[in-house]
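Asks: Taken from TrEMBL, the feature domain 'Transglutaminase-like' applies to 269-362. The active site annotation in TrEMBL covers 277, 336, 359. According to TrEMBL, the Ca(2+) binding site annotation covers 399, 401, 448, 453.
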């Protein structure tokens, strides 16, 4: 009987197109095959001869340094019957004279990352494995056995595959959408996202053990929340909140994650300057969608930054309602942006599966690192603040009381009547399938003031009291360095005998005078004399004051049940030098009833701007089409050296910069340029008018690209 030569694998076909389509990974622009765990994929092997019936192929997969079966980073298995379980399996399929199709399935809890695949025939025991090449394995929201499974195709399309979106910014009464290019399928982005995991301190300390934990979305997302900021490591983005951005890029100039991630990668992991909350959230959304975890961006308006986790934001003001920064440790941001990712919480139990809060903005340390989450949204709503990770901080962001204290000249303090329930309003995210805003506040808390909401608040307070570190945080700092226990001071003052509000008389437009009225009403049947102290300041979106632009006082006499108005006007010349790129102004009215109570009324204003975008014709893959942008100089003075910055995944390569001719005062001008779409479907085109004379004016348009016939 003639001895047959041993089986030799001469070539491998990874079937990129078929596997990519089946695994929803065909958009990734990398040379390796990209597949998702817990799902079958096929490869075709060219052999030097036909396999005998009794011959099997033995495969080895391994990932990370020092891969081992004990750490579940290496597996050796031979062709047999296919099944989805906690081991790798393979099966022989169709054979021709010199080829065989192999089907492989990874466990639905396999470690994600870049794998090396090797193989040999069972008849070649003395021969080493043939290295077939590398492939990338991702989380799989389409696999019911995967912890990240999401049981809605529409939501998977939105939260995993959509490469653009909107982020909501502004103030509670004036919410605006900003376009953001996630670009998770763009060139090098998958490699960069995997390298973020490899650059983490946990990986540097013990790479083999770290990689072995990459099967767990709780572990991976927490690592990413730390690595997107640069505070404890050479992470991706360096935060900056001072309003001056020398040596870097203003956070408001970014329109997407791709340029940031590529700059970090090409700059040998040097943190990119600069980011603020929406930038951190946009980048984190890109990374997690790229790795296969359903993720969305969430905006919380009037977001508490409770530094001592006592469920109270304590603000100290002077007699004009101006914040005393040296005394005020807590803050309430106009808005704060974080992420939610969808996965099961094996560490907490099935009641807490679903959306999990993750926050890459470096606000407070958690376990010695600037990271936050994952915190179960269900746990936040139910007041289960004892559960991992960082639930007390997130609970406070949406539930803390907003308490105002008047600092008197004798260094005493007294509670001022103000709206204590203004924290955690209009919690928003992008709708599935459109750019509409969806209010998801009810996912985080029960209706404000309801019996259930008060019960949850009380439950959370009791759980915090039982936590070891909380007792020493329950004191309120006072100007005279005295400390009082919360219960001594937190009783709200009596409802005042007056009421007040700011009324905007004309839309607040960048470059023009602001005209408002402060309306003051007497709620009693007696005459009241009130001292109205008005102040105004340009602010950052964190409500940190930059410069005072208004300071005036008005004595007001109110007859019984009378209402009077105090006119308020701020000229452009008063605010233009100190307006930040946030385009925000905070007005305050401290109303001091003579021989009576104090009332503080605040008004946050965002100045409006204008830009429109129009595509002049049908948008088709590979066909050039013109775009027309209408820009307006918002100022009452001529400006020059304006630049239009354009970007959009699938619409153009990288960024396009176009010089805009000089613009006369309030002049409108049309700017045209061409784009050549490279991908079909809805694509987001972002346009940013940049000028040294005024803050950026941003706009975006969804372009529906069709395949050319």
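In case you wondered, yes, glycine gets a Cβ from its N, Cα and C as well.
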Asks: Out of 448, 453, which has the highest number of nearby Cβ atoms, where nearby means within 10 Å of its Cβ, if these are the binding-site residues?
Replies: 453
Asks: Using a 10 Å cut-off between Cα atoms, which of these recorded positions sit near residue 359 (active site): 277, 399, 401, 448, 453?
Replies: 277
Asks: Once the chains shown are all counted, how many other Cβ atoms turn up within 10 Å of the Cβ of residue 336 (active site)?
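Replies: 25, counting other Cβ atoms within 10 Å of residue 336 (active site).
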Asks: Beyond the listed site residues 399, 401, 448, 453, identify every same-chain residue whose Cβ lies within 8 Å of the center of their Cβ atoms for the Ca(2+) site.
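Replies: Here the non-site neighbours turn out to be 421, 423, 424, 445, 449, 454, 457.
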Asks: Go ahead and report the DSSP secondary structure tallies for the domain 'Transglutaminase-like' (269-362): helix first, then strand, then coil.
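Replies: With helix first, then strand, then coil, the domain 'Transglutaminase-like' (269-362) has 18 helix, 40 strand, 36 coil.
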Asks: Taking just the CA atoms, what is the gap between residue 399 (Ca(2+) binding site) and residue 336 (active site) in Å?
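Replies: For residue 399 (Ca(2+) binding site) versus residue 336 (active site), the Cα atoms are 14 Å apart.
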Asks: Roughly how many angstrom lie between the C-alpha atoms of residue 448 (Ca(2+) binding site) and residue 336 (active site)?
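Replies: Approximately 19 Å lies between the Cα of residue 448 (Ca(2+) binding site) and that of residue 336 (active site).
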Asks: Counting across all protein chains present, how many other Cβ atoms fall within 10 Å of the Cβ of residue 359 (active site)?
Replies: 30
Asks: Which of 277, 399, 401 has the fewest nearby Cβ atoms, counting only those within 10 Å, among these recorded positions?
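Replies: It is 401 that, of the recorded positions 277, 399, 401, has the fewest other Cβ atoms within 10 Å.
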Asks: Among 277, 401, 453, these being the recorded positions, pick the one whose CA is nearest to that of residue 336 (active site).
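Replies: When the Cα distances are compared, 277 comes out closest.
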Asks: Quick one: mean pLDDT on the domain 'Transglutaminase-like' (269-362)?
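Replies: Taking every residue in the domain 'Transglutaminase-like' (269-362) and averaging pLDDT yields 95.
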